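> Submitted below is the structure of interest, expressed as structure tokens.
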Amino acid sequence: MTSESSPLLHYRLFSVSDGGLGPPDSSPIMTDAVTVGTGPTQRKLSTFFGVVVPTVLSMFSIVVFMRIGFVVGHAGLLQSLLMLFVAYVIIWLTVLSVCAISTNGAVQGGGAYFMISRTLGPEFGGSIGLMFYLANVFACGVYVLGLVEAVLDVFGRDPSDVTDSLRSLPQGYGYSFLYASIILLLCMAICLVGASIYSQASFFIFLLVFVVLLTILISFLAVRPLTVSIRHGGNVTMTGVYTGINSSTLHNNLQADYSLDYTTGNLMNFATVFAVMFNGCTGIMAGCNLSGELKQPSRSIPMGTIIAVIITFFVYLILFIFTAFTCDRTLLREDYGFFRSINIWPPFVLIGVYATSLSASMSTLIGASRILHALAKDDLFGVLLAPAKLVSKGGNPWGAVVYTWALVQLVLLAGKLNTIAGIVTVFYLIAYAAIDLACLALEWASAPNFRPTFRFFSWHTCLLGILSSLVMMFLINPAYASGSIVLLLLLLGSIHFRSSSSSWGYISQALIFHQVRKYLLLLDVRKDHVKFWRPQILLMVSNPRTSSQLIRFVNDLKKGGLYILGHVETGDLDTLPSDPVQTHYSFWLSLVDKLNVKAFVDLTLCPSVRQGTQHLLRITGLGGMKPNTVVLGFYDDACPDDYFLQDSLFTPGLSPKDDAFGVDATSLQAHFPPARDPETPRLLSAKDYVSMICDALKMHKNIVLARNFPLLVRPEASSSSPATYIDVWPLDLLRPQASAYVDVCSLFLLQMACILNMAASWRRYQLRVFLCVESRGGSDGASGWLAAEAKFRELLSKLRIRALIRVVAWDRVAAFRVQNMGGQVLNREPISSEYLNAAKSAVTDEGGTETAVRFLYLPRPPADSSLHERYLEELDTLTSGLGPTLLIHGLTPVTCTEL
């Protein structure tokens, strides 16, 4: 499976068009599962036939002939022009975004859905794509119902006029649904033949429509004033007046005068009228939806869409102005088909109405089917859209056409054009906002590969397009707008939880990178302050199979800080054909996902583990985010447990996060080597291990040694566990007289324990601090203990650390202490095993079985490397059998008592 790291394009080194220079088994180039080969192409449409013609016809639709009077009659010329301007500003802003995205790479079938999904990712793309598809479905229903309305307006039976033989078609809800179904069936038949026959039919209709528009303009100038009889059924009759070019008529038509819509009986307002008018501008995606049939979609979509928008804007503008100059309010508001009554030859307008409505219906039906087919191919909705994958031998997605036809049939049940116009407008607006959002995201991400050839846009136009679309959604119909957003969120969640990772690229990653880089540059290490210190941890991992418990525990220890998993592969790059580390990253990242830890991964290749650790200590991190604390597993002879065999997360088929970016549980099991056999020679010697501790201290890193963590019972899985304490021993148990309770290392120890106690899963545990006090045989032994406890309690209060204080009598242990000389401990002298065992017994006895994890003071390793093994043996004796234990040595001040 491809992943996000896959290249965007796969280049072939051989030509496939030069007559045989390529290899005989040349296969088509594959990009995002779309084949771009040398066989016969299905891309046949040019800019004019594939974009300009369908876009113009879709934007005109029924509105240009049947709703001009509706808009001007209710809103007046001034508000009509305002509506036109607002609508085209929104349209134009979206067109700029469409042009930018479509000229930034090859556009495949699916149009707007393809552009959104390949920019914003599958969740957002699939959600908006489905809603844009539904918008086209509803729009198709609007256009078909508009055509039925126009037919019945002329040929519908009128009981009050039995002498008119033309008006013979029965009227009523059932008959309207029947007529609409017949028209829709005709549209489906044309779309089933294919895009080629559709483009030919559209061009013929295009010519026809412009001839009709020309006759309308001529009629405005040539027809003399007349009175028009208006009938709404029954015996209701009224008259409207066509005055010709008249300034008084213009004056009367300037202001708005909203009244009842005679088709629905609802009172009109600015929002409802704008919804109907805007529906006549929403066809800008008609050419984009046919991107799979265009010869050069990246060139045709921007050029053709811009030309179509300019043409329709001026046609609407001219019609609004001439209508306001020539027709009175009654004619405009009571007869939406008044163009026919004032035309030099009335049948011309009928032809135009029927042609545009039929063309818009076909355009939205075929466009919706292409969107649905693209959605089905991407398999975002599973078996629900499986029938839409069916295609003919010629590549026509007939399954998607039939599927869409069935949904439009359901829309036709609404019965009235204006009833569903608001739904169409809201769905189109949310799709336009998504297009603008996609372009805005690309612009803000500043990705080097976003360099569209169309440059007449900016983030300002994208943002303005988003805001204007969202505002108009709620102005048109708050209920529909709210419902559409709820639907969008539901679809987002559905696709997110059921879809697997895609190879389309994630714009979120580009945006995150852009923001992280910006803030990393602002993160200045020179401004660090102890008040805002946080752990930035590098955990060195030999094999995740044996370290998973520790990886999870350190995740609780980071407290919002940096957490990096470091690993050293031993080897010499000079002897290898390629760097093996590069292929390992995906497995380590999947491990991080499986364990649900917030960690980065850093791998390196070195001849030795010690050298690799030095490299990671130096170069891991970036800017102000570099590790200040190193965690190492303890070096002992214990037989490591294979955690992968115990946790269901790593059992194939049982993990809820299986198959993340192509790495499933089986792959993880196979990638990481088995747990080390006790008889197998180790890659790291005891001497090198202690030297790594020295290296970390020399680099001014705090050091933590973790032992016995396979025995750790995690808090969330142990509600009934008796372990309820986090124990802290802030004194160097190996050399008590060489340290103090308030030195930097002791305070660091307290800070780390406090951080663990602040983690959500560890809050129910009680922090417990042990003070080792000797009576020294004096008479004031008890008072000395009390004074030591009071002094330490005051320190904890200043540090705002809540903890129990336990005073431990250290006299018995001190009796086994190594030789003292003048109060100085002789580091070269070995510490007796009796003392170490006595100290361990004291730690065990005082803590009991209720201790979950212990924090102990880690003394510095001896400077003499010959003593390193003895140093490790002392630590081994002290901590053997203690349970989960952290040995910590801190170098940096991390506590503050002031505000």
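The first residue you see is number 1, and the count goes up from there.
Keep in mind that glycine also has a Cβ here, set from the backbone N, Cα and C atoms.
Heads up, here are the entries from Swiss-Prot:
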TOPO_DOM  1-44  topological domain 'Cytoplasmic'
TRANSMEM  45-65  transmembrane segment
TOPO_DOM  66-80  topological domain 'Extracellular'
TRANSMEM  81-101  transmembrane segment
TOPO_DOM  102-127  topological domain 'Cytoplasmic'
TRANSMEM  128-148  transmembrane segment
TOPO_DOM  149-176  topological domain 'Extracellular'
TRANSMEM  177-197  transmembrane segment
TOPO_DOM  198-202  topological domain 'Cytoplasmic'
TRANSMEM  203-223  transmembrane segment
TOPO_DOM  224-266  topological domain 'Extracellular'
CARBOHYD  Asn235  N-linked glycosylation site
CARBOHYD  Asn246  N-linked glycosylation site
TRANSMEM  267-287  transmembrane segment
TOPO_DOM  288-304  topological domain 'Cytoplasmic'
TRANSMEM  305-325  transmembrane segment
TOPO_DOM  326-347  topological domain 'Extracellular'
TRANSMEM  348-368  transmembrane segment
TOPO_DOM  369-393  topological domain 'Cytoplasmic'
TRANSMEM  394-414  transmembrane segment
TOPO_DOM  415-419  topological domain 'Extracellular'
TRANSMEM  420-440  transmembrane segment
TOPO_DOM  441-469  topological domain 'Cytoplasmic'
TRANSMEM  470-490  transmembrane segment
TOPO_DOM  491-739  topological domain 'Extracellular'
TRANSMEM  740-760  transmembrane segment
TOPO_DOM  761-899  topological domain 'Cytoplasmic'
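Map the listed features onto the structure and describe their local environment.
Averaged across the topological domain 'Extracellular' (66-80), the predicted model reaches a pLDDT of 92.
Long-range contacts of the transmembrane segment (177-197) within its own chain (CB-CB distance under 8 A, at least 6 residues past either end) are made by residues 44-45, 140-141, 144-145, 147-148, 151-152, 169, 290, 293, 358, 361-362, 365-366, 369, 392, 394, 396, 398, 401-402, 405, 408-409, 412-413, 415.
Within 10 Å of the C-beta of Asn246 (N-linked glycosylation site) there are 17 other C-beta atoms, taking all protein chains into account.
Under 8 Å from some Cβ of the transmembrane segment (267-287) lie the Cβ atoms of residues 50-52, 54-64, 67, 70-71, 74-75, 79-80, 83-84, 86-88, 90-91, 94-95, 98, 111-112, 132, 135, 139, 142, 256, 258-261, 294, 300-301, 304-305, 308-309, 312, 316, 360, 363-364, 367, 418, 421-422, 424-425, 428, 431, 472, 475-477, all in the same chain and six or more residues away from its ends.
Tertiary proximity for the topological domain 'Cytoplasmic' (288-304) is limited to same-chain residues at least six positions away from its ends with a CB under 8 Å from its CB atoms, namely 42-48, 50-52, 54-55, 98-99, 102-103, 105-112, 114-115, 136, 195, 366-368, 370-371, 374, 453-454.
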> Against the transmembrane segment (203-223), which of these stretches has the most C-beta pairs under 8 Å: 128-148, 348-368, 420-440, 470-490?
348-368
> Would the transmembrane segment (420-440) count as touching the transmembrane segment (305-325), if touching means at least three Cβ pairs under 8 Å and pairs must be 6 or more apart in sequence?
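With fewer than 3 qualifying Cβ pairs, these stretches do not touch.
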> Are there residues at least six beyond either end of the transmembrane segment (740-760) with Cβ under 8 Å to its Cβ atoms? List them, or say none.
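For the transmembrane segment (740-760), the sequence-distant neighbours (Cβ-Cβ under 8 Å, at least 6 residues beyond its ends) are 535, 556-557, 559, 702, 704, 726, 728, 730-732, 767, 769, 771, 792, 795-796, 799, 801, 853, 855-858, 886, 888-895.
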> For a three-state summary based on DSSP, what are the helix, strand and coil counts in the topological domain 'Cytoplasmic' (102-127)?
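Across the topological domain 'Cytoplasmic' (102-127), DSSP assigns the residues as follows: 16 helix, 0 strand, 10 coil.
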> Go through 45-65, 128-148, 305-325, 470-490 and flag the stretch with the largest number of C-beta pairs under 8 Å relative to the transmembrane segment (394-414).
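Comparing 45-65, 128-148, 305-325, 470-490: 128-148 has the most Cβ pairs near the transmembrane segment (394-414).
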> For the topological domain 'Cytoplasmic' (441-469), what are the DSSP-based totals of helix, strand and coil residues?
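Helix/strand/coil tally for the topological domain 'Cytoplasmic' (441-469): 16 helix, 0 strand, 13 coil.
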> Six or more residues out from either end of the transmembrane segment (128-148), which same-chain residues have a Cβ under 8 Å from its Cβ atoms?
61-62, 66, 110, 112-113, 116-117, 120, 176, 179-180, 183-184, 187, 279, 282, 285, 289, 353-354, 357-358, 360-361, 364-365, 367-368, 371-372, 374-375, 381, 404, 407-408, 411-412, 414-417, 420-421, 423-424, 427-428, 430-431, 434, 484, 487-488, 491
> Using a Cβ cut-off of under 8 Å, list the residues of the same chain at least 6 residues beyond the topological domain 'Cytoplasmic' (198-202) that approach it.
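Counting only partners 6 or more residues beyond its ends, the topological domain 'Cytoplasmic' (198-202) has Cβ contacts under 8 Å with 45, 49-50, 53-54, 57, 190-191, 359, 362-363, 366.
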